[in-house]
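Inspection log for the structure reproduced underneath, given as structure tokens.
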Amino acid sequence: MSDPAAAETPLLDDSVKGCLDFKGRPVHRSSSGGWTSASFIIAVEVAERFAYYGISSNLITYLTGPLGLSTAAAAAQVNAWSGVATLLPLLGAFLADSFLGRYRTIILASLVYILGIGLLTLSATLPSVTTSGAPNADNVTLNTSSMLQYQVILFFFSLYLVAFGQGGHKPCVQAFGADQFDAEHPVECKAKSSFFNWWYFSIAAGILLTLLILNYIQENLSWVLGFAIPAIVMAVGLLVFVLGTMTYRFSVKGDEESPFVRIGRVFILAIRNRKIASSAIATEESLKQFKFLDKALLAPDSTMEQGKVCSMREVEEAQAVLRLAPIWATCLIYAVVFAQTSTLFTKQGATMDRSITRGIEIPAATLQCFISFSILLFIPIYDRIVVPLAKAFTGKPGGITMLQRIGTGIAVSAIAMVIAALVEMKRLQTAREHGLVDKPNVTVPMRVWWLVPQYSLCGLSDVLAIVGLQEFYYDQMPNELRSIGIALYLSILGVGSFLSSFLISVIETVTGKDGRDSWFADNLNRAHLDYFYWLLAALSALGLALYVYSARSYIYARRSTS
């Protein structure tokens, strides 16, 4: 007769520590989490990226077309919306980690997202500035102007509603996906590292579909249909996400106070106790970095009085957050380079020979597909070839550390800027040789394929730096703040976008004085994008040096093996 206790042992061994199912019951490894659960979560993220790029990739065309904005005004609106959409995840992550939890936040944010795109679609059905005439021209002009005003108000309200939806969705969905892998289990720990690679691979596939299909529909068929399709795709993605609910692992949230309160108290007490001698702290409790935070371990009278001091764990949480700041700051130049792929690269390509066959040209915005193609190519190579080879030499689960991966990506982005500068110099030389300097509307007889190397290198840089940043900020944040970690990574790109706009604006003002052609003159044959690319290459080299300095002194969180 079998022993009942022995029969229960596999179930006990199969349980996942610190996780419950959607009904609050203990979960078992064999029936929860892993790639099965991650697949449902990846599906909703692919849908969200399809929807987001379905709006953002062609937004400037809609603003300057149906809404009738000037190019300068449209560019300013796009930059503002993009920056806000990339910084709002900090708010969404705070709400998720402090109150709602990641699962609920994803669902609520997705509903807001769908509502926003739905209203965006509705705004596109209203008469636009291109409304045709009618017998009573005065009445038509008055009515059209009035309708256009309502359309603009509804459009921007909807657009920022989408930004708020993304602010809740973006930081939570990736953190929730990574939560499906147990970092303390050797097999799942390795799978978690691969998860970040294949996550970005799936996103790139969704973006590629948008660039190839949706942009064509919007410009050649209907803007209403072009906005409605992302809304439908987002709704289907949310449905798929909900279908996976029974398989998800939900991290246990204790009855402790908010991590924001705990970390804030550490800084407050450290400041209050700043005059207390450091020798009052036991040597074995002293931390290796940011030793001024150790003073939060002491009461004002130098006694360990309960309720007036912070625990070692709380000080370590505050230290973990603070030590991320130098890495965040030194990655901003990389983010500035990242912002160029959808703006200046596209302007370069628009002047070049983009014909495939007679009468068929590649749209300038579609050139961004080369980044997606590059990502789809390099991620499997990195995950299946580079990581195992590197692991054989280093013994690390990821082959190289997360910071080494990010640094390599920054170096590749600097090389991409050098290549971009050389290609632009070649383009300007070709324009001069063919007498096209003052003929900006004439195609420069130089094939657009010259841009493929810089696009491909940017894609490789994304595979290394972007995926590395995602994993790094998730892994190194305290467990309860991992949504904030993903939001911090996104904020690098948001601040980088604002810095790029600021840098371009300053250079435009300085180089365009006294009627001279600036580096960003409308006539690109008289502009000097090559100078700007060389500047970014130099700044990238400086940023890389500062990054290496910060990374060398960085101490990984104790749970990490990277």
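Quick reminder: no glycine exception, Cβ is built from N, Cα and C everywhere.
Among the features that TrEMBL reports, transmembrane segment is placed at 80-100 (among others).
The transmembrane segment feature in TrEMBL is assigned to 107-127 (among others).
For the transmembrane segment (147-164), the list of distant contacts is 52, 55, 67-68, 77, 81, 84-85, 88, 109, 112-113, 115-120, 122-124, 126-129, 131: same-chain residues at least six beyond its ends, Cβ to Cβ under 8 Å. As annotated by TrEMBL, transmembrane segment applies to 147-164 (among others).
Through the fold, the transmembrane segment (198-217) approaches residues 42, 45-47, 49-50, 53-54, 57-58, 174, 177, 225-226, 229-230, 363, 365-366, 368-369, 371-373, 375-376, 379-380, 383, 462-463, 466-467, 470 of its own chain, all at least 6 residues removed from its boundaries and within a Cβ separation under 8 Å. Per TrEMBL, transmembrane segment is recorded for 198-217 (among others).
Look at TrEMBL and you will find 223-243 (among others) tagged as transmembrane segment.
Beyond its flanks by at least six residues, the transmembrane segment (362-382) meets 57-58, 61, 197-198, 200-201, 204-205, 207-208, 211-212, 215-216, 219, 341-342, 345-347, 349-350, 354-356, 448, 451-452, 455-460, 462-464, 467 of its own chain at Cβ-Cβ distances under 8 Å. TrEMBL lists 362-382 (among others) with the feature transmembrane segment.
What TrEMBL records for 403-423 (among others) is transmembrane segment.
Panel annotation: around the transmembrane segment (486-511), residues 79, 82-87, 89-90, 92-93, 170-172, 174-175, 324, 328, 331-336, 338-340, 343, 469-470, 472-474, 477, 518-520, 528, 532 of the same chain, lying at least six beyond its termini, place a Cβ under 8 Å from a Cβ of the stretch. The transmembrane segment feature in TrEMBL is assigned to 486-511 (among others).
Per TrEMBL, transmembrane segment is recorded for 531-549 (among others).
Residues 327, 331, 333-334, 337-338, 340, 345, 348, 450-451, 453-454, 457-458, 460-469, 472, 530, 533-534, 536-537, 540-541, 543-544, 547-548, 551, 554 of the same chain, all 6+ positions outside the transmembrane segment (403-423), place their C-beta atoms under 8 angstroms from a C-beta of that stretch.
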